[in-house]
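Asks: Annotation source TrEMBL lists transmembrane segment at A:12-33, A:65-87, A:99-118, A:124-142, A:154-173, A:193-213, A:233-251, A:257-275, A:282-305, A:311-331.
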Amino acid sequence: MAGLRRRIERLGIAATAALSALMVGFVLCYWLQDYPPLGAAYEQYRIAGQWLDYYLGTNVFRHPYMWQSIATGVLIGVVGPLVGTFLVHRQMALIGETLAHTAFAGVAVGFLAAGTLGWNGSPLLAALVVGILGALGVQWLAERTDAYGDVPIAIMLTGSFAVGTLIVSYGRGQTGISIEDYLFGNLAVVTPSGARLMTALSVAVVAGVALTYKQLLFITFDEQAARVARLNVSAYNTLLVVMTAVVVVGAMQVLGVILVAGMLVVPVAAASQLAGGFRETITLSVLAGQAAIAGGFALSIAAGLPSGGSIVVVAIGIYLAAIALSSRSVARLSTH
Amino acid sequence: MASTMGSRRATGTDGDAGTGRTKPHGDPRQPVTDVVSVKDVTFAYGETPAVSDVTLSIEEGDFLGLIGPNGSGKTTLLHLMLGLLAPDSGRVELFGEPVDEFTDGERIGYVSQKATSGGGGMPVTVRESVTMGRFAHAGHSRLDEDDRAAVSEAMETVGISGLADRRIGRLSGGQRQRAYIARALASEADLLALDEPTVGVDAESRDAFYALLDSLNESGITIVLIEHDIGVVTDRADRIACINTELFHHGDVDSFVESDALAEAYGATGQVVHHDH
């Protein structure tokens, strides 16, 4: 029974890895389609998309911009739960939410810079810079106050959002772009450069977690013992918070500022109901994340609903199903 | 690596676990290494002094019981010894090195108060938690066969091999305790630091747990134990440090029992816990 379960999980992870590689491949091929071999590969993606549409009776996969969104979504479904597993079990679930609001201020700065200074970079790049600065700020506060306590987090969250709204309001005359897409998420908002950014960030985050898995796990499980074992706890904490900011900025395009934390938390909560160990929790979280992304995209496209809300609603459905599946009580996670 | 751990544990385990008071530091010919050395250490939380001018040392092979009333600074002193806190004044050394420069994290096994009482919800198997004892050895490289062997052997030693794939939060208090000790053994720690490890553990498991500590001590592991039950400390430890902000007594068990340190440290409130065993 346990062996079968492990085999299914392994299969799921292999499928996810293959899908992610396919998506990264698409983003690269689209980017470099002027180079003949990659251009040919890109054509194959287009043809595959048309066949998919033909078989499914949809009008989705033939459009390259949809592939950008799907690629971004698949990668969010990997890195969100991956980083989220550590956050949730360190009771830092709201860090993601906070950093999303910080990144929102960054988007606003980016728009303002574009409108007034003629800066032509992506607002996401500005969000990334401001998000990482916000992450370092959260870490600085956490080390000097009550570690990741509610109050510094709440101050950071509302403070950065307040600054964001002020900038948006100030820049309204000069910028023509709707901030709403960034608040609630929109599949159409994902640009090729946004998808490229997400790809680069995802590769960095997966590599970062793979390299520091042991240390992050030890600190998550027993921070004091990790300190005694002479792990550089503060450095790893900073890394985790910065990776969170990176994931949040990437995920913001599809999920929106307000809902981005859902992808860090909900699949992990679902997985924690069912998993026997930490590695299995990560595995199941990523699988739940993929399911939520797939279901959410389908819902969003079919019903013309915002992508962020659709994904989070599907994720919560998965969470409820996980509770029903497990004999454990809901209280377990919250009393941890 | 695993073989050195095995051989160390094999020596001296045939002694009587209950009365093991014959320790290498009694022999004047042997050069004695201080595992922990605390000199004139003072620490305050803001204006409130927690540890005041304490000097003591723990020698290799000691089983030191650290006792004192609630809020007497026991945990603070232990944290100072381990480098979790930096003293306001004074000096702490671990294995002969200043504590802030000490880097051999794998030489210390630490079981915190929080670890023993909580750890409920996080999905971590017993094997995963014991494997953490190897992380300081492995750094960023992958765990190898030696690491896995050390983990299995540690679980074997404390008798939890059968629980390897269970979630640690679902174990009984006594079993969880053993898992934490196994983590320290897996790291091949020379010093085991335990902060009230048997809170919430039933009496039978507690006796078995202390018997395990005795045998580990016999095999050469230095132990420092915070325990509110003075009976356990006088039964099991061979040295006692009694503190209430200041150090009231530091010496062997007999001299402690004969002294007035207990009454002085606990004062008129007399909140002494003493269970019969």
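Keep in mind that glycine also has a Cβ here, set from the backbone N, Cα and C atoms.
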Asks: Are there residues at least 6 beyond the ends of the transmembrane segment (A:154-173) whose Cβ is under 8 Å from a Cβ of it, and what are they?
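Replies: Long-range Cβ neighbours of the transmembrane segment (A:154-173): 94, 97-98, 101-102, 104-105, 107-109, 111-112, 115-116, 134, 137-138, 141, 179.
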Asks: Counting only pairs 6 or more apart in sequence, are there at least 3 Cβ pairs under 8 Å between the transmembrane segment (A:12-33) and the transmembrane segment (A:233-251)?
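Replies: Per Cβ check, the transmembrane segment (A:12-33) does not touch the transmembrane segment (A:233-251).
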Asks: Would the transmembrane segment (A:282-305) count as touching the transmembrane segment (A:193-213), if touching means at least three Cβ pairs under 8 Å and pairs must be 6 or more apart in sequence?
Replies: no
Asks: So if I exclude everything within five residues of the ends of the transmembrane segment (A:99-118), which remaining residues of that chain have a CB under 8 angstroms from its CBs? That is, six or more out.
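Replies: Tertiary neighbours of the transmembrane segment (A:99-118) are 124-131, 133-135, 137-138, 156-158, 160-161, 163-165, 167-168, 170-171, 174-177, 179, 182-183, 241, 244-245, 248-249, 252, 257-258, 260-261.
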